[in-house]
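Single-structure report; data block below.
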């Protein structure tokens with residue numbers, strides 16, 4: 001299987017299946033001398049790990065990461081960083097009844113046709129369990145980006161039909177939904193409780209923001225910063241759409257509204273989401289991603305078996321009724337990996353570029 005590596009200078013390679021013995025990652029290209037501890041990685045892993053609230057899967061995985069290489073006496077050496085997370089709470093028997101069936105809207109059918117072999121336990125390689133390694137790798141990138149003045153944060157901006165207005169970053173880490181509006185949390189909880197009673201699932205919208213990014217990141221034409229961000233975010237399980245800045249709303253905007261006018265005091269708006277011509281503008285980089293509702297539910301759904309016979313599928317096991325609830329740290333990680341890669345690429349080619357034009361902020 002190809003396609004397990006992301007990045008050009010800062011690269012992340014992952015391996016492992018949902019019910020295998022462990023997940024692993026190789027993170028290559030991190031500059032030497034960065035102070036790095038297990039706690040730096042574990043902090044974000046704890047934000048993503050399952051079983052932390054009644055609104056997520058009850059699979060109990062501690063997601064304790066081990067650093068196998070690339071760090072010595074608390075600092076990165078410049079060598080490849082090896083990471084490992086052991087799986088400890090697999091219940092593979094939950095999936096024995098569907099080993100010859102295809103769950104609707106899952107990767108079972110497409111993996112079967114592509115490889116002729118598949119690990120049906122918990123989705124195998126296609127499971128969102130894989131994203132634990134992305135979060136661990138992204139934590140390394142986030143730690144380095146902080147030294148460059150770049151902060152990446154995310155939040156849930158919609159759950160099902162409930163839109164969540166942004167009020168404050170202070171509340172995002174104080175609830176299971178990563179909601180920036182504390183007043184919305186009771187409504188979100190009630191909605192999820194009813195959803196579970198209905199034996200159904202729902203999608204979500206996540207917003208992720210990078211602040212402190214200087215102008216100049218991004219390689220125009222095929223490696224545009226927004227194109228690579230979209231690539232990274234679309235690679236997350238269940239993501240079906242990505243917007244940068246105003247996104248699809250730009251269709252109804254006139255040019256006089258959409259253009260982000262410049263003044264000596266700063267930009268007057270940020271419809272471009274901090275990226276112009278594929279290159280960072282110095283404004284906050286803003287991306288939104290839409291995650292579909294998981295089809296791993298106990299309500300019967302029509303499908304076929306490996307012989308083409310019609311069947312009804314009921315998926316047992318422990319599943320997230322809304323995969324978006326745990327997606328915020330994953331989105332942050334993928335944005336961090338992209339920005340880290342482009343920061344190193346820009347440093348390699350343009351480290352000596354100096355212009356007299358001031359860097360504008362946003363009014």
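Each residue, glycine too, has its Cβ placed from N, Cα and C.
What Swiss-Prot says about this protein:
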- 44-63: region 'Disordered' (REGION)
- 48, 54: NADP(+) binding site (BINDING)
- 125, 126, 127, 237, 238, 277, 292, 293, 294, 295, 296, 318: FMN binding site (BINDING)
**OP:** Identify, in sequence order, the residues in the chain of residue 292 (FMN binding site) that are 6 or more apart from it along the sequence and have a CB within less than 8 Å of its CB; answer 'none' if there are none.
**Re:** 105, 203, 238, 239, 240
Subject >> Residue from 125, 127, 294, 296 whose C-alpha is spatially nearest that of residue 48 (NADP(+) binding site), among the binding-site residues >> reply: 127
Original post:
Counting Cβ atoms within 10 Å across all protein chains shown, which of the binding-site residues 48, 125 comes out on top?
Top reply: 48
Original post:
Which of these binding-site residues has the least crowded Cβ, counting other Cβ atoms within 10 Å: 127, 294, 296?
Top reply: 127
**OP:** Ten-angstrom check, please: count other Cβ atoms within 10 Å of the Cβ of residue 238 (FMN binding site), all chains counted.
**Re:** 20
